[in-house]
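K.L.:
Got a structure for you, written out below as structure tokens; questions coming shortly.
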Amino acid sequence: MSLFKARDWWSAVLGEGEEFDQGCLCVGDVDNSGSGCDKVVVGSYMGMLRIFAPHASKPAEQTVADAQLLEVQLRDPIIQVEVGKFVSCSELLHLAVLHPRKLSVYAVSGTAGNVEHGDQYQLRLVYEHNLQRTACNMTYGPFGGVTGHHFICIQSMDGMLMFFEQESYAFGRFLPGFLLPGPLCYCARTDSFITVSSTRQVECYRYETLAVATDADTRQDSEQQSKSSGKRLAAEWLLVLGEQALDIYVPSASPMASSIFVLGERNLFCLRDSGQIRFMKKLEYNPSCFLPYASVSEGTTNVLLGNHNNMLLVYQDTTLKWAAQLSCVPVAVRVANFLELKGLVVTLSSEGHLQCSYMGTDPSFFTAPKVEAREVNYDEVDAEMKALHKVIREATKNQDIIPKAEAEDDLTVTAIVSSSLDDVSQALIPEMNDMAVPSVKVKIKVSCRSALQSPKLSVCVQPPLAVTQDQFVLDSLGSGSQVVVAFSAFLNGHYTPADLTGDIAVSYSSPTGVPRVAQCKFVLPLRLVCCPTSASKNSKYKITVDTNKPPVNLNEVFPEFVAKAEDKEGNALAFQFIAGSRVTVLASKTSQRYRIQSESFEDIWLVAKELVQRFDRHFAKLGVKDFRNSFSGPIPLAEYFETVDHHFELRVNAQKYQDLLSERAVQFRAIQRRLLTRFKDKTPAPLQNLDTLMEGTYRQVIALADAAEENRACLVQAFSRLRSATHLLILLVSLWQGLSAEQTAILEATLLPLLQDTPQLGWEESVDAAVSHLLRTCLSRSPKDQAISLSTMQLSMPKDTSRLKKHITLLCDRIGKGGRLSLSSEANVPTPVMLPAACETMPEPIAEQEEEDPALQQEATAKFIKKKQPSKKVKSKTESSKEKKEKDSGKESKKDPTKEKESKKDSSKDSKESSKESSKESSKESKKEKKESSKEKESTAEPLKEKTKVSKKPSVKVKEKKKESEAGDG
């Protein structure tokens with residue numbers, strides 16, 4: 001906080017392993033020397049009592065022994081030390097030492113030495129009091145207004161105030177409502193004691209009230225006597241602080257005549273003698289101690305405040321005047337006067353660092369040395385500048401948001417999946433569909449280069465897969481050590497997973513304290529979810545994968561599935577999914593094709609993916625570099641849309657169940673309120689079958705809840721099947737058009753934006769927004785359309801899936817026509833290419849409907865509106881024409897498109913088509929399109945006759961507008 005440091009005038013480190021606290025420090029002329037110099041008295045919890053007389057000396061001659069006057073080992077721990085007039089027959093200052101079960105008063109005397117050893121000091125016990133209760137703290141002062149003497153008040157741990165009038169015990173009183181002891185202070189101005197109770201409020205008790213209150217030996221006696229007879233002890237005033245207090249101080253100097261200072265955990269309070277708040281200062285740090293003292297300004301108070309940031313702050317009321325850095329955290333602070341210097345700050349830390357310091361700055365006498373002049377080598381400077389520019393260019397070339405990992409991480413994670421299944425399965429469901437559920441063992445090796453403290457390892461697999469243990473807390477790792485953990489993965493649901501990959505994350509803190517995460521992936525074997533079976537000849541769904549190399553033996557590609565294979569030549573292989581259907585792979589004997597067929601469309605995904613990957617690995621081992629998989633089409637969109645509709649239907653059912661549950665719950669609560677009102681009524685009234693109605697409603701709520709829960713389980717399975725079908729569609733599109741890895745990743749992020757469905761955000765609306773964005777940007781038909789940005793709207797569940805199907809169909813059509821997927825701002829316009837013969841093109845009606853969609857074709861709509869405004873020559877021609885066909889089409893072309901839509905709601909579709917055709921015909925008569933007019937008229941002559949028949953039946957308002965327009969033209 002501050003650049004200034006407290007200047008060390010004198011310091012000492014007291015003992016080794018000793019502990020000190022707030023009351024272990026006091027200053028005063030304890031030996032009554034009369035010189036006006038204070039001595040520093042320090043007591044520790046180990047029972048060591050030390051007295052110092054600090055003085056300034058040269059650094060070479062400064063030693064602690066020169067300033068130490070006395071060091072005595074007492075038998076009991078020292079809780080607090082104070083200097084005051086504690087002896088009745090003397091007005092000299094004595095030292096009071098508080099122990100847990102004893103109060104001792106000592107006299108400190110010094111004898112002048114006749115030799116060079118110096119003065120000698122002695123500690124003499126004057127009197128002591130054995131306490132019946134364990135002491136917590138004490139305070140002293142002229143209780144009751146006595147002069148020339150000080151009495152002592154000790155607060156016990158059980159809330160009793162014990163008063164001692166010097167050598168004799170006076171009385172004891174229990175504080176009401178006491179739980180834990182707090183700081184205690186005596187205010188001589190009002191002759192009262194101030195403390196902070198465990199209820200976090202300041203309490204003030206007058207000495208007179210304490211003296212006349214009922215005496216008791218125990219708290220129970222005090223409570224009973226206060227209720228039966230005698231005066232009950234009550235506080236003079238209370239003030240709620242809202243936080244625990246660390247210390248209380250009542251200064252006695254004249255400028256602060258009516259101030260009581262309370263140091264809280266987060267605030268500094270200044271109170272008046274009546275308990276009202278004078279001011280309060282909110283602290284931005286944790287305070288440790290404080291000391292108010294007289295200020296040079298009238299009406300203000302200075303406060304020395306130490307905190308746990310090793311800072312000593314000086315406040316004038318609420319204004320910070322100075323801040324100094326200390327070498328340790330102070331637990332006690334005092335101001336003392338010595339011969340050489342007045343007003344030194346004495347601080348004591350909990351470890352025993354005693355320091356006398358002053359606040360100020362020392363001038364710096366440092367002067368920078370002269371730099372030797374040297375000749376500049378401009379060639380070296382140019383070479384260095386070029387090297388720096390090269391480094392800057394390399395650094396700014398790839399500005400990734402995510403920082404790149406270091407070349408050598410502190411921790412590396414490696415996953416090893418066993419090549420064979422477990423002998424004893426660890427699956428929670430031992431059998432599904434009369435087939436045993438296997439499990440496979442996965443080992444994780446964690447290696448570290450430096451020492452790490454308790455890293456945590458997490459395992460994540462996609463449902464319905466599960467693991468025996470998904471959380472591991474590793475032991476602390478040393479530098480270069482390695483640890484291995486193992487778990488088993490298995491199928492834990494009655495449906496096929498969409499992904500066999502798992503993720504492992506290890507979270508740890510680097511040696512510098514920076515949190516890090518190390519990740520790795522593992523792939524579970526296909527044998528975990530399926531087993532070999534006999535091949536089937538016919539199936540409902542079939543997919544053909546082409547290659548550019550001769551067919552291979554399937555038994556060599558899938559060696560683990562050869563056990564039950566009937567075909568020895570390796571032309572057929574079948575996979576029976578444990579929680580799914582049978583998938584058969586057939587290899588053509590004459591061509592280079594492989595057919596994958598199954599009764600379930602989504603079950604083909606895992607086998608097709610495994611087949612393509614194993615073909616790549618097989619031919620890579622043989623050294624074939626130009627091997628390529630392909631798909632000749634058509635894309636099975638109809639089969640894919642069946643899975644989409646099934647998933648959307650379950651989402652709609654879930655929403656219906658939720659609405660019905662809400663209605664029945666409202667009805668149930670309303671019936672309950674009615675019944676409760678009837679039961680509370682003093683005059684009983686008939687229930688009017690409310691109990692029967694409530695029972696029926698309760699049964700409906702339970703039935704709806706069960707149905708909703710069953711629908712939720714079906715929705716989870718449907719989403720997993722939808723993910724499998726989407727993965728298969730992405731694979732087929734990438735093989736169909738030969739997409740790169742980057743384009744395939746974009747397509748996968750577009751069609752699979754979610755790992756799971758939520759009631760707030762579902763798959764359909766997310767995919768629709770992502771596909772629409774691609775159709776407007778990188779897959780748009782013209783560069784102008786790419787400037788149209790995605791409208792910012794809140795995603796919500798659509799009414800149906802027709803729009804989503806239309807967009808996905810258009811997406812496949814644009815990709816098939818050469819569109820390139822890209823996330824860069826400079827999207828590429830698709831170039832015309834020749835489509836494969838077997839490719840399934842998009843029907844024209846769907847394309848026209850998509851162009852009419854205002855959400856995707858805003859600019860095309862604008863062009864369409866412009867074309868519907870003919871020139872004056874065209875208007876005159878259309879009005880002078882006697883044919884009804886051209887006359888009606890000309891009148892329709894004059895109307896505004898928005899008004900035309902409102903006036904023709906009943907026949908919107910036909911009227912839009914007729915207006916579109918008529919506007920095209922009118923625009924073709926212009927000079928710019930004379931060459932195409934003859935061909936267009938021949939092709940649109942017959943449709944115009946049919947469509948104008950529909951448009952001859954306008955509404956009454958349209959007829960009136962026509963008459964007004966003809967009258968205006970006339």
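Numbering starts at 1 and runs along the chain as displayed.
Placed from the backbone N, Cα and C atoms, the Cβ positions cover glycine too.
What TrEMBL says about a protein is an automatic prediction, not a curated fact.
As annotated by TrEMBL, domain 'PTHB1 N-terminal' applies to 1-363. What TrEMBL records for 436-522 is domain 'PTHB1 GAE'. Feature annotation from TrEMBL assigns domain 'PTHB1 platform' to 525-632. Residues annotated as domain 'PTHB1 hairpin' in TrEMBL: 634-737. Annotation comment: TrEMBL describes 739-815 as domain 'PTHB1 C-terminal helix bundle'. The annotation region 'Disordered' is assigned in TrEMBL to 863-970. Feature annotation from TrEMBL assigns compositional bias 'Basic residues' to 864-875. Annotation source TrEMBL lists compositional bias 'Basic and acidic residues' at 876-949, 957-970.
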K.L.:
Of the residues in the domain 'PTHB1 platform' (525-632), how many are helix, strand and coil by DSSP?
P.N.:
28 helix, 31 strand, 49 coil
K.L.:
Determine how many residues of the domain 'PTHB1 C-terminal helix bundle' (739-815) DSSP places in helix, in strand and in coil.
P.N.:
44 helix, 0 strand, 33 coil
K.L.:
Could you give me the DSSP helix, strand and coil counts for the domain 'PTHB1 GAE' (436-522)?
P.N.:
0 helix, 52 strand, 35 coil
K.L.:
By DSSP, what is the split of the domain 'PTHB1 hairpin' (634-737) into helix, strand and coil residues?
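P.N.:
Within the domain 'PTHB1 hairpin' (634-737) the tally stands at 92 helix, 0 strand, 12 coil.
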